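*Asks:* My questions will all concern the structure given below.
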């Protein structure tokens, strides 16, 4: 069963999302106040990739983890013992220093104009595009939260959830099965720690020694070599064994071949009768359909509870309130 906190937090998101449909987000929000915002974000990201080839998926993950806790308000970025960064779902998140670099560059060009929440949304879109994925117009105009929502991090989906739970959670915030499959496709690039899937190798369904039967046997043996019992659970494994640095649709063919790394990934295809099975097949055969659906789903997710108007603030430093 999904945790009480996960359900209540996502029901909260649904309530405020219904009221957020009239929020004035616009792709041209900074047209006059910071017309070069996208170019500035892109330049910093390309420089960052020279130092860290994995930065693009890291940045996209930050946007996901921010939006799934009380909406897309940059609450994730706040430092402090009461912040979200140090909670279990966020211990493996990275890329914060690049967000700070983007914010610094924007403050030089357009002081006190671009919010940290919009930085995350734009940086995620540009990271996907630079990684080989689709481009879309990001609705902008979000403002930044005045507090973190540490208690809300239980609403961040984990790699161990059943498809039924994940689908229910997504639907509770207005995201349907196509959105779920498309957004899961972000695992076409990036890496995951052994800890995120070792139960599939050695303790599936809490049965000692059992391996997840939906996992390709050859792939399972390879993973056991990379993530041995008693080994370093922080070791990193490519989410897409074919092209983990490129945003493409190979993730879905991996699922067809029972080579999805995380349980939540493989269940999209291996759950009998699930709506997502046909969607996986469609995305595996058509990268353009995947790209189109992913862009639409990212816009929907990015619209979860934005602070607009006079709500929140425009932080000068994304790590702390003004």
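A Cβ is built for glycine as well, from the same backbone N, Cα and C atoms used for every other residue.
Feature annotation from TrEMBL assigns signal peptide to 1-23. Marked as domain 'Plant heme peroxidase family profile' by TrEMBL: 24-322. The disulfide bond annotation in TrEMBL covers 34-110, 67-72, 116-318, 194-227. Annotation source TrEMBL lists site 'Transition state stabilizer' at 61. Taken from TrEMBL, the feature active site, proton acceptor covers 65. Per TrEMBL, the feature Ca(2+) 1 binding site maps to 66, 69, 71, 73, 75, 84. Annotation source TrEMBL lists substrate binding site at 157. The annotation heme b binding site is assigned in TrEMBL to 187. Summarising the annotation, TrEMBL assigns Ca(2+) 2 binding site to 188, 240, 248.
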*Asks:* So around the Ca(2+) 2 site, 188, 240, 248 aside, which residues have their CB within 8 A of the centroid of those CB atoms?
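*Replies:* Surrounding the site, in chain order, are 185, 187, 189, 239, 242, 243, 244, 246, 247, 249, 250, 251, 254.
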*Asks:* Spatially, and counting Cα to Cα, which of the recorded positions is closest to residue 187 (heme b binding site)? Options: 61, 71, 75, 194.
*Replies:* 61
*Asks:* At 10 angstroms around each C-beta, which of the recorded positions 69, 72, 110, 116, 227 has the fewest other C-beta atoms nearby?
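*Replies:* Taking 69, 72, 110, 116, 227 as the recorded positions, the minimal 10 Å Cβ count falls on 110.
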*Asks:* Determine which residues of this chain, when 66, 69, 71, 73, 75, 84 are set aside, have a Cβ within 8 Å of the centroid of the Ca(2+) 1 site's Cβ atoms, and list them as they appear in the sequence.
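*Replies:* Not counting the recorded site residues, we get 65, 67, 68, 70, 72, 74, 76, 145, 148, 149, 152.
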*Asks:* Nearest to residue 116 (disulfide bond) by Cα, among 65, 73, 157, 248 (recorded positions)?
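*Replies:* So, of the listed recorded positions, the one sitting closest to residue 116 (disulfide bond) is 73.
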*Asks:* Roughly where does the domain 'Plant heme peroxidase family profile' (24-322) sit in mean pLDDT, to the nearest integer?
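*Replies:* Summing pLDDT over the domain 'Plant heme peroxidase family profile' (24-322) and dividing by its length gives 95.
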*Asks:* Do you know offhand how many angstrom separate residue 72 (disulfide bond) and residue 240 (Ca(2+) 2 binding site) by C-alpha?
*Replies:* 27
*Asks:* Within 10 Å of residue 75 (Ca(2+) 1 binding site) (Cα-Cα), which of the recorded positions 34, 61, 110, 194, 248?
*Replies:* none
*Asks:* Looking only at C-alpha atoms, tell me how far residue 66 (Ca(2+) 1 binding site) is from residue 157 (substrate binding site), rounded to the nearest Å.
*Replies:* 12
*Asks:* Identify which of the binding-site residues 71, 157 has its Cβ surrounded by the largest number of other Cβ atoms within 10 Å, counting every protein chain shown.
*Replies:* 71
